[in-house]
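J.: Have a look at the structure that comes next, please.
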Amino acid sequence: MTNIRKTHPLLKIINSSFVDLPAPSSLSSWWNFGSLLGVCLGVQILTGLFLAMHYTSDTATAFNSVTHICRDVNYGWLLRYLHANGASMFFICLYLHVGRGLYYGSYTYSETWNIGILLLFAVMATAFMGYVLPWGQMSFWGATVITNLLSAIPYIGTDLVQWIWGGFSVDKATLTRFFAFHFLLPFIVAALVMVHLLFLHETGSNNPTGIPSDPDMIPFHPYYTIKDILGFLVMLTALSALVLFSPDLLGDPDNYIPANPLNTPPHIKPEWYFLFAYAILRSIPNKLGGVLALVASILILAIIPILHTSKQRSMMFRPLSQYLFWLLVATLFTLTWIGGQPVEHPYIIIGQTASILYFLIILVFMPTISIMENYLLKW
């Protein structure tokens, strides 16, 4: 008798995706982050759903409703901090996942890669709108500053900003629509994840060597299911430690002050996971130029498959490219640090240098070094 998981219309899909899926035998722990992102999304949707039951998206009561969740709702504090720090964990996994794709050349699967970029934008939009909801000082001023960037778009900019605000400033209408979109977007993200996996399973997974692994495949279950579960345990332990021991470590103390349109905080900055892009934005002393650089800093991922000039897919056997990759990582850490610093000497020049270096590494150095490595292979 044929096994039900191979014949049942629904179970058949799950079986071919998570049980009998052929996977390369050499996948390292860097391939764990896809499933970890799935867990993060699940945690965020669940905690967010329960938070939405108690939250009110009105400027008069939003801040108090978050306080009420933390003080009066059973385990409300746990839900709130799991959701806030879960977002940080989400972005850690997301950046490591993208980094893995860059290092091992996974971007040559162009459909999977492009949907991944769409997912990155969707998650960033969701996180930004979520940060506005507690209606603290940094929520309000962060929303004001970031939405105001759209006014740099020629001709339609000002009208566009007022249309997004639903008025002449960030106010009740803005908060209500941000809550609506923040609730909706994770489900769109979940749908995009399905498409991401659909395209991935068309080609099969890449592997650390970058060499086709068709002759050497193993079933996903039990090998990688067990490996993924270990990853879940490690990540959830780290998240629990963060939530239970220092829940405000990654937050901004200004967000414990209710939003006040008449009082600007001394340093307006987004959450840590946006600081690298914020540093690039600030490093250009022109509004439109800064906005274009900000968008380009992420959209640049879309042209990476075109910039791949190496004859090898992975960086595993390319020491010069590896050096450049880690220089890029160091540059991103520098930008993240600069994004949290005030706009003054020497931070301005460090930020500008790091921003130029970021684009140079991706657009110029990496393709050039790859061509050099191709010649070195002939020797």
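Cβ coordinates are placed from backbone N, Cα and C, and glycine is handled just like the others.
Quick paste from Swiss-Prot:
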type: TRANSMEM; residues: 33-53; note: transmembrane segment
type: TRANSMEM; residues: 77-98; note: transmembrane segment
type: BINDING; residues: His83, His182; note: heme b b562 binding site
type: BINDING; residues: His97, His196; note: heme b b566 binding site
type: TRANSMEM; residues: 113-133; note: transmembrane segment
type: TRANSMEM; residues: 178-198; note: transmembrane segment
type: BINDING; residues: His201; note: ubiquinone binding site
type: TRANSMEM; residues: 226-246; note: transmembrane segment
type: TRANSMEM; residues: 288-308; note: transmembrane segment
type: TRANSMEM; residues: 320-340; note: transmembrane segment
type: TRANSMEM; residues: 347-367; note: transmembrane segment
J.: Which residues, sitting 6 or more apart from His196 (heme b b566 binding site) on the same chain, put a CB under 8 Å from its CB?
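T.: Expected: Thr112, Ile115, Gly116, Leu119.
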J.: Between the Cα atoms of His97 (heme b b566 binding site) and His182 (heme b b562 binding site), what distance do you get, rounded to the nearest Å?
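T.: Checking the Cα atoms of His97 (heme b b566 binding site) and His182 (heme b b562 binding site) gives a distance of 23 Å.
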J.: For His83 (heme b b562 binding site), what is the secondary structure state per DSSP, taken as helix, strand or coil?
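T.: DSSP assigns His83 (heme b b562 binding site) to helix.
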J.: Determine the minimum-neighbour residue: among His97, His182, His201, listed as binding-site residues, which Cβ has the fewest other Cβ atoms within 10 angstroms?
T.: His201
J.: So are the transmembrane segment (178-198) and the transmembrane segment (288-308) touching or not, going by 3+ C-beta pairs under 8 A with a sequence gap of 6 or more?
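T.: Answer no: the transmembrane segment (178-198) and the transmembrane segment (288-308) share fewer than 3 Cβ pairs below 8 Å.
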J.: Please give me the CB contact count at 10 A for His83 (heme b b562 binding site), counting all chains in the structure.
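T.: So the Cβ neighbour count for His83 (heme b b562 binding site) comes to 21.
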J.: Do any residues of this chain, six or more beyond the ends of the transmembrane segment (288-308), have a C-beta under 8 angstroms from a C-beta of it, and if so which?
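T.: Result: 98, 102, 105, 107-108, 110, 113-114, 117, 120-121, 124, 149-150, 152-154, 276-278, 280-282, 355, 358-359, 362-363, 366-367, 370.
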J.: Should anything in the same chain at least six residues away from the transmembrane segment (226-246) have a Cβ under 8 Å from its Cβ atoms, list it; otherwise answer none.
T.: 29, 32-33, 35-36, 39-40, 43, 78, 81-82, 85-86, 88-89, 93
J.: Between His201 (ubiquinone binding site) and His182 (heme b b562 binding site), how many Å separate their Cα atoms?
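T.: For His201 (ubiquinone binding site) versus His182 (heme b b562 binding site), the Cα atoms are 29 Å apart.
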